[in-house]
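Single-structure report; data block below.
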């Protein structure tokens, strides 16, 4: 993938919003079948323009209105907010206190910077294949719980374009949830607690909740290769001292000695498991709980959610198919059938897909000179000729399931009415 030059972004965005952005699918998503009157019209969008100019409370009548505005403004970033009681672009005309956020998808934001205390390869905004496994585990753990523990059907996972992932839960019942219920859900999904000053961030009680057991089973599939080989979390004294801080002091000396005699993280982990197991058998009710090995695995691998993003109904989150202005990468949907294969470094940049389009356009110009073709039809075909196509397909698959589910619900309702 070619390098992205941020100085080219203004020109690239013009082309992207004119010829490549998947407007029809995007509108189809946020309109939700047009079942609820004014649902799309009451949705808040925010645009971040060049030089960090930020405009909130944008709203649009229809797909055409949205397209025109995006092509006029060429936003560097698009965020999606709640569905309000009134049109957001008229919020200043509404009586004080009457303008209220009413519905929104339940959203989750997982950012790699929140793992800086446990990843050794990168820090802050940087990511690499060695630490991306954290995002793979996060998607697997959170998605399994949303699907199986809560019964949520319509979950859209999206790469942020730089260092994290977002999830949009779009079931109709979920969009209506109160802030209190959202807080309860995100609390259920949170285990790693405490700021930078807190060394031990995971505390398990003797009774292990099924959610934790299932999460551990997912982590186990990745732990050896991710934590012991790639992150090498027991490589040297500095790294193993961090782990010793998570276990009772009474076993520190024994572990120090065995760690010094061992040659690598794999061997040291085996020693730790043996010593911890022996300790657990001897002391049933220690304040550290009986699950030392699991607590370490969870602290190093369990998802770290930004709680505030999930609990607030009026919280804005970056839109799918927005462009990251620093990396140039498109914020693309992730195929849940291929989570392990998803590679953020192969996600196309805006410069790459615009070059692809240029190359194709040059070849086709002669052919199309004689053909009258509508701009919409032309654009629908345009993204299909670029590396964006497979990601739009993932999005379309998600939308098809949403449509099927909605039609099923409408049929159920009409059958019930017939019974009366």
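Here the Cβ of each residue, glycine as well, is placed from N, Cα and C on the backbone.
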Per Swiss-Prot, 109, 111 bind Mg(2+) 2; matching candidate in 253, 306, 335: 306
Residues flagged as motif 'Zinc knuckle motif' in Swiss-Prot, choosing from 77-87, 88-98, 121-131: 121-131
Correct range for region 'Disordered' (source Swiss-Prot, candidates 343-362, 363-382): 363-382
For residue 44 (active site): intrachain residues, at least 6 apart, with Cβ closer than 8 Å: 56, 57, 58, 59, 80, 81, 82, 83, 84, 88, 314, 316
Number of Cβ atoms other than its own within 10 Å, given for residue 109 (active site): 19
Other residues, Cβ within 8 Å of 109, 111, 306 Cβ centroid (Mg(2+) 2 site): 108, 110, 114, 164, 166, 305, 309
Local backbone state of residue 306 (Mg(2+) 2 binding site), from DSSP in three classes: coil
Residue 306 (Mg(2+) 2 binding site), number of other Cβ atoms within 10 Å: 18
Protein Cβ atoms within 10 Å of residue 111 (active site), excluding its own: 18
